[in-house]
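A quick write-up on the structure given underneath.
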Amino acid sequence: MTALPIRGPVRIIGIDPGLRRTGWGVIEAEGNRLIYVACGSVEPPDDLPLSSRLLAIHEGLASVLSDHKPMEAAVEQTFVNKDGVATLKLGQARGVAMLAPAMFGISVAEYAPNQVKKTVVGAGHADKQQIAMMLKILLPKAEPPSADAADALAIAITHAHHRQSTALRLKVVGV
């Protein structure tokens, strides 16, 4: 896996996994400076069987990774809800979202939804509108085509914010 550099610009992809729409957002971070690169979503047809939808997500993310060449990746963790089957299916999409960057040799960090909201908005229970408002401030050139792409940018921002402490922790333990 790619090491986490502490200095210099780093390109980060944030991924918001989902079976219907997997959002992705790419930014560059250097210190506190964030630069928007691109965002979008992978949307497999609903009528495909599960295995084909997962393949479409993988191929779509692989294309984004190849085109934008991020150095690090961050994926949102899945929260468990009352529908166990839906949670398991989302977990499969999340597995694909983690596998795709790993196949490119890119380290993958994970963040809880509340941590993403708290990092970007300042409140762990922020809504989609609050996230969108902060994205306009933090990444003024970004115009996410969907809430999933916006969430993916928020995940990338969260990683940019927390990666310094992660890199220092890894350095201390000798990784």
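Placement of Cβ uses the backbone N, Cα and C atoms for every residue, glycine included.
Source: prediction; values computed, not measured.
Here Swiss-Prot flags ASP16 (among others) as active site, drawing on sequence analysis. The DSSP secondary structure for ASP16 (active site) is strand. Taking all protein chains in view, 29 other C-beta atoms sit within 10 angstroms of the C-beta of ASP16 (active site).
Taking the Cβ of GLU76 (active site) as reference, residues of its chain lying under 8 Å away and at least six apart in sequence are, in sequence order, GLY14, ILE15, ASP16, PRO17, ARG94, GLU110, TYR111, ALA112, PRO113, VAL116, ASP151, ILE155. Annotation source Swiss-Prot lists active site at GLU76 (among others), citing sequence analysis.
In the three-state DSSP classification, ASP148 (active site) falls within a helix. The Cβ of ASP148 (active site) has 23 other Cβ atoms within 10 Å, all protein chains considered. Positions annotated as active site by Swiss-Prot: ASP148 (among others).
According to Swiss-Prot, the Mg(2+) 1 binding site annotation covers ASP16, ASP148, on the basis of sequence analysis.
Feature annotation from Swiss-Prot assigns Mg(2+) 2 binding site to GLU76. In this structure, GLU76 (active site) is part of a beta strand by DSSP.
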